[in-house]
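To keep things clear, I will list the structure first and then write my remarks on it.
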Amino acid sequence: MLLLGISILALAWRPAGSSEPEWEVVVPIRRDPDINGRHYYRRGTEDSGDQGLIFQITAFQQDFYLHLTPDAQFLAPAFATEYLGVPLQRLTGSSLDLRRCFYSGYVNAEPDSFAAVSLCGGLRGAFGYRGAEYVISPLPNTSAPEAQRHSQGAHLLQRRGAPVGPSGDPTSRCGVASGWNPAILRALDPYKPRRTGAGESHNRRRSGRAKRFVSIPRYVETLVVADESMVKFHGADLEHYLLTLLATAARLYRHPSILNPINIVVVKVLLLGDRDTGPKVTGNAALTLRNFCAWQKKLNKVSDKHPEYWDTAILFTRQDLCGATTCDTLGMADVGTMCDPKRSCSVIEDDGLPSAFTTAHELGHVFNMPHDNVKVCEEVFGKLRANHMMSPTLIQIDRANPWSACSAAIITDFLDSGHGDCLLDQPSKPITLPEDLPGTSYSLSQQCELAFGVGSKPCPYMQYCTKLWCTGKAKGQMVCQTRHFPWADGTSCGEGKFCLKGACVERHNPNKYRVDGSWAKWEPYGSCSRTCGGGVQLARRQCSNPTPANGGKYCEGVRVKYRSCNLEPCPSSASGKSFREEQCEAFNGYNHSTNRLTLAVAWVPKYSGVSPRDKCKLICRANGTGYFYVLAPKVVDGTLCTPDSTSVCVQGKCIKAGCDGNLGSKKKFDKCGVCGGDNKSCKRVTGLFTKPMHGYNFVVAIPAGASSIDIRQRGYKGLIGDDNYLALKNSQGKYLLNGHFVVSAVERDLVVKGSVLRYSGTGTAVESLQASRPILEPLTVEVLSVGKMTPPRVRYSFYLPKEPREDKSTRPKDPRGSPVLRNSVLSLSNQVEQPDNRPPARWVAGSWGPCSVSCGSGLQKRAVDCRDSPGQQGASACDVDHRPLEKRACGEPCPTWELGNWSPCSKSCGRGFKRRPLKCVGHGGRLLARDQCDLRRKPQELDFCVLRPC
């Protein structure tokens, strides 16, 4: 949100060192070969084609030669202006005539100059030349016939340069807080080791989803709305005035310093004849924005392919807007809402031609750009000057780099993250926006009246181009006042010069110095994001060989490439924890500053319910609760996008990779969980459970190493909620799912060692529990049967590694060739006849049970039986000396409390408090949740401190 800062000076103030007036009355002369043609266009005149025009303006002891060419590319072919209210009429004919008005170009063949003017009703617009900005417009008392004659037609040319002498301190004109959000941190992270941007492209029709790290043209289809106050103030010139503002904003977005090819395209202009037909506009800027966003959403077309569909909407009003703390507000918009039909909109308080800069600034917020003075921008790019578009105190635009490096980096990440995919379709009928500088259409006097009201005049002795000082009254006295905006581009500032972006510059030929950009060589690959387990290295190239200039095309194609590195497994991978789990655990003890969570909170990854766009954010759930948060804007490069996928995250985007960890590899896991395998190293185990008893019923024990697990419970006769529910326990007998007669109705992710099981929830006709990757711990599947005891139908299948000496000829099989498991007991219906020479009896030991304690010294037990060859028990037949152990010691050291140093006292005198970090550390130094340590022995974490008396 832009805020307005008005400085007031006495009328007699004169800039120190200024010896020449800051405006002159001039007569533009057309100097191109077709000197017999029309010199200015009027509505209804014939089109002169795409020929170039040259105008000479002599002022300020120099000649300005404006080399102009038609430029209406910011108007969609289907552009139309429509009145809503009384009278109701379409003005398409007038809109078509306006396409011929707008020209753009350069001054005196100067590469850094700039001109954007309208030739309708005289020369009106702005241009910049050698550090000064010029605004030109016909004198108000000049008749239309005079303005059409070859060498007649008085115009007012105003020059604005750097401000000299006393001036008011500019205040922020934008109410958007100069803070940061996770998206900004993510956007700037790649730039921390360097302070350069990335490249982009030129125009070409595209559609669909954008590729990551690729420069692609974007087309911002725009609705422009003017309320009743604008209609009354501007009258018949309103449409031309609005398009002049949008033409200036569009040219700013085509500047290469934004590092992206952004094309502002107006698809429709709505002029509201009375207040009842439009949104409710009040002095409350935030409320007006909300009203306008809701109103424009109802008018927009459903399909992006419709010629009049818009991606963003802009409301212009003369209403004095007020922000939260001041009524100096000039504009307001939500941050990062481009392509959101409900919120991609902005509100602009019209204060004359400088509103073009307000429009570009607020649209920058819609593109997720913060102010340049936010801390994260300064940390990466250093302290930025206050003359870029996203400065909160916009005064004078840097003509060479209107967009800061921070703004370019953030909009690049915003578009690369898929937030600008609605901008990929090129309008079928764009409205042509004026390319003439606004100073050629609006005189200094007109600029003052637009900014400060009827009767306001330019103050004498203004410094050229920098700030527009206009007369006004304060406490009955005549004063000079400014809103810290420069003169409009195109205002003359001397002989052969005009104002451009706050500087007085020479005129030049636009086409002679046009330079298309080209890619430079690839920079070296950076460091690997991980030391083991599969990291990523990045390399970039810049559009700097050469850098596009003077309207030249930007580079198109891939600007960032990547490769895998350090693929060897990490030593800690044997624990079964994923890299994402480790990143979540790093936040253990952080309660997100909410009283809903304790400082003993432990964080685990959240997978279910996460949109594909957010897979590479570090979204973690507080273990044992339903609360989840984005703890980091992106995971470390090389982190798996999902636990059942081999794709990895690169700069916050999910990129395809093979199971070998290599980006671009096509290797896949087979059903056995073997990378690049042929499905021959494992066997399939299937089974069916249909006869339950009330309560929990054992279904199957799934050993460690099982992969491609698929368990389904079909509702009785297709019913949802047939009172049968899947349950899951770990090897310690702890329920991981639907235990203690409490079931989960929603989708859940169950994190186990080595894998994640996806649970469908109970709200489906087919309740499912699935995992693709091998599990590294045994699990037990049960079914909870309650209520009417309708028969369940639980089918399960999974794959187990084959034993090295397994003999397939003696393996029982079902008719389909797969071993069949009935409640974890192999079917022996097809058992092969046993030979007569049976082996002797042997000891058979079961699996070790859980440890009797969770930590410390405990015992484990197991069953040991003597079995003869038919499987019958008979302890006397076995050798007692070789009997296996039935008990053994177990237990790891208990977690301990680890203390840090006390913090300084919270007060410098009197009674305050101090605190020290406290962590629960397990065996091997692993950070645990606090509830896993002995809370009865928890050391004091917070204490009072008393210093000297105050």
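Each residue, glycine too, has its Cβ placed from N, Cα and C.
N679 is the residue among N679, N901 that Swiss-Prot labels N-linked glycosylation site. The cysteine that Swiss-Prot pairs with C543 in a disulfide, picked from C532, C555, is C555.
In the disulfide annotation of Swiss-Prot, C465 is paired with C499 out of the candidates C448, C480, C499.
Of the listed cysteines (C327, C339), only C327 is recorded by Swiss-Prot as the disulfide partner of C322. Summarised as a single figure, the pLDDT of the motif 'Cysteine switch' (172-179) averages 55. Cβ neighbour density within 10 Å is lowest for C570 among the disulfide-bonded residues C345, C377, C459, C470, C570. When Cβ neighbours within 10 Å are tallied across all protein chains shown, the highest count among the disulfide-bonded residues C448, C499, C504 belongs to C499. Geometry remark: C406 (disulfide bond) versus E362 (active site), CA distance 16 Å. In this structure the C-alpha atoms belonging to C532 (disulfide bond) and C377 (disulfide bond) are separated by 31 Å. According to DSSP, C555 (disulfide bond) sits in a coil region rather than a helix or strand. In terms of Cα spacing, the disulfide-bonded residues C293, C327, C339, C377, C570 all stay beyond 10 Å of C499 (disulfide bond). Nearest neighbour of C480 (disulfide bond) by Cα distance, taken over the disulfide-bonded residues C422, C448, C465: C448. The C-beta environment of C565 (disulfide bond), restricted to residues of the same chain at least 6 apart in sequence and closer than 8 Å, consists of C528, S529, R530, G534, G535, V536, Q537.
Around the Cβ of E362 (active site), the number of neighbouring Cβ atoms within 10 Å comes to 27. E362 (active site) has its Cα within 10 Å of the Cα of these disulfide-bonded residues: C345, taken from C345, C422, C470, C570.
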